[in-house]
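Listed in TrEMBL:
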{"type": "ACT_SITE", "residues": "Glu55", "note": "active site, proton acceptor"}
{"type": "ACT_SITE", "residues": "Lys155", "note": "active site, proton donor"}
{"type": "ACT_SITE", "residues": "Cys188", "note": "active site, nucleophile"}
{"type": "DOMAIN", "residues": "15-282", "note": "domain 'CN hydrolase'"}
Amino acid sequence: YVAAVYEHESILSPNPTALVDRRSALELMGRNLDIYEQQAVAAARQGAQIIVFPEDGIHGFNFTRSSIYPYLDSVLHSHSVKWNPCREPYLFNDTEVLQRLSCMALKNKIFLVANLGTKQPCEHGDPHCPRDGRYQFNTNVAFDDRGALVATYRKHNLYFEDAFDIPPEPDYQLFDTPFAGKFGMFTCFDILFFEPAVNLVKQYNLKQVVYPTAWMNQLPLLSAVEFQQAFATAFNINILAANIHHPTLGMTGSGIFTPVKSFIYHDMESYGGKLIVAEIPVITMNYETNLEKTPGRVSGKANLQLPPLFYAEMMYDNFTFVPVWGEKGELQVCANTLCCYLNYQRDVTGELYALGVFDGLHTVHGTYYVQACALVKCGGLSFSTCGQEVTDATALVDFQLWGNMSTPYIFPLLLTSGITLDFADHMGWKNSHYFMSKNRTSSGLLTAALYGRWYEKD
């Protein structure tokens, strides 16, 4: 099928904490919706059957609970009401944004997914009801090609979003399409957690996911396109990911991802939005992970000169590292219960690489348990630069990386120079170790990592 995602440089309120009236809020959102309209037309012209827009693309961010209120639409979070906002605009008040999105889908005969702020009154008898008597949600909406509202999803894992509430229960939201079957949806930070993202994909055996996001890139392990690709690979699904474009805030990185190929956009230099349109296979079967080339165990050679262990901060976590010296070798490094192993051969280019391990609770900007084995290019030639954000590298590397992970949820990361993606030749489980191997990276290696999420220990 043909899919489109739009990375949008949103027009932001100059002062998001100021209180404005509904008319001013609609005026600002209207300017963003004008751009959405042009992109929906362009995507439909290129044959797209579905288009996805980013999180916060219509209203922006950095609001307070009260300053965002004029920007919120009313959405009945219910499956009983079949509603077409474009054709029946008078059914509910405060639905101007929904009406415009619905009409875009209808006019262009395209499925459309967008993110907006919504409000819902609640009774004081409801134990979760906020003091001001209303819920405010960060919401994705999906419309079919006739403009009918077919699904609403309320973000569960908020990332420093004081303006919004967490829904009382996680939403598992699916919608059906004639061209690719069922799609699931979740938003941004949700991708790092079991609920609802992983549970949704597993429980409904989903093969297609739409993913609005407003992601601030963090190298070397959590760049947007790097993790979006890893999620598609780990669960053997297609992901349509639309990010916001604000390079000054570190925000870029969208794409259409399949388990074996990706169409991505990552640009920290230029301004303006970017439409990606690609034809991708409907996944009906499971790709077999190829397990024939499996690594041997690292043998303990008595005369092996062990490289020095050192510690450095990476992604705000204290990793244990060993340097990757010379043109080839075998290494191992352990922390807690996790041991990571590396066999490598590489061009000697004068760059420092290191193999790092972390097995513990990550506590900065969110709390979640990580088990990671990571081969990374360091920022400079001293050990203290390992773990820094690096965007360019020249060394081409052959490697086999494996670890005795304690969780089945492993996200294989493979990032090359200029924030481009590469694909492992082989990956999977073998003798209770997860491994990934690559016969020569396509360009200089930035990161090759097994990023494990141990959800039970969050």
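The chain as shown is numbered from 1 upward.
Glycine too: its Cβ is placed from the backbone N, Cα and C atoms.
Those TrEMBL annotations? Automatic predictions, nothing curated.
Note that the coordinates shown come from a computational prediction; the quantities given were computed from them, not determined experimentally.
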Other C-beta atoms that fall within 10 angstroms of the C-beta of the residue listed as 'active site, nucleophile' = 26
Rounded to the nearest Å - Cα separation of Glu55 (active site, proton acceptor) and Cys188 (active site, nucleophile) = 7
Note = As a whole number of Å, the Cα atom of Cys188 (active site, nucleophile) is distant from the Cα atom of the residue listed as 'active site, proton donor' by 8
Request  = Tally every other Cβ atom lying within 10 Å of the Cβ atom of Lys155 (active site, proton donor).
outcome  = 25
